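Engineer: Copied straight from Swiss-Prot:
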DISULFID  C100-C105  disulfide bond
MOD_RES   P34  4-hydroxyproline
MOD_RES   E98  4-carboxyglutamate
MOD_RES   E109  4-carboxyglutamate
MOD_RES   C114  cysteine amide
SIGNAL    1-24  signal peptide
Amino acid sequence: MTTSFYFLLMALGLLLYVCQSSFGNQHTRNSDTPKYRCGSDIPNSYMDLCFRKRNDAGKKRGQASPLWQRGGSLSMLKARAKRNEAFHLQRAHRGVVEHCCKRACSNAEFMQFCGNS
């Protein structure tokens with residue numbers, strides 16, 4: 001009886017794992033799903049997407065960014081990004097507000113507004 005109970009418990013656990021892995025992600029949002037970015041979402045998205053894009057090379061080399069090591073620098077950069085958002089987030093004649101606030105844009109579309117600095 002102990003062996004059959006153990007086998008039943010293992011089969012039930014495996015079934016639960018398969019069901020959770022196949023149906024568990026059904027309602028999660030794709031990371032590149034278009035979304036509206038207005039107000040403080042714009043500089044926050046800038047920090048998340050553009051700053052990460054610039055520091056990926058250092059992470060690939062195994063070097064941690066010095067800004068992540070110092071907590072105060074990140075808040076300073078967020079404040080700077082908010083002040084300079086018009087400078088950093090322009091593309092041709094259309095701005096990021098027109099493109100991503102008035103209509104939804106994906107992460108890839110938003111990253112086109114990242115400055116080269």
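Every residue, even glycine, has its Cβ placed from backbone N, Cα and C.
Since this is a predicted model, take the numbers as computed values, not measurements.
How about a rundown of where these features are and what they're close to?
Structural biologist: Neighbour count (other Cβ atoms within 10 Å of the Cβ, all protein chains): 23 for C100 (disulfide bond).
The local packing around P34 (4-hydroxyproline), expressed as other Cβ atoms within 10 Å of its Cβ over all shown chains, amounts to 15.
Non-local neighbourhood of E98 (4-carboxyglutamate): empty, since no residue in the same chain at least six residues away has a C-beta under 8 Å from its C-beta. Under DSSP, E98 (4-carboxyglutamate) is assigned to a helix (H, G or I) in the three-state scheme.
All protein chains shown were included, and the count of other CB atoms within 10 Å of the CB of E109 (4-carboxyglutamate) stands at 14.
Secondary structure at C114 (cysteine amide), as computed by DSSP, is coil.
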Engineer: Count the other Cβ atoms sitting within 10 Å of the Cβ of C105 (disulfide bond), across every protein chain shown.
Structural biologist: 20
Engineer: For E109 (4-carboxyglutamate), which of the three DSSP-derived states applies: helix, strand, or coil?
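Structural biologist: In the DSSP reduction, E109 (4-carboxyglutamate) maps to helix.
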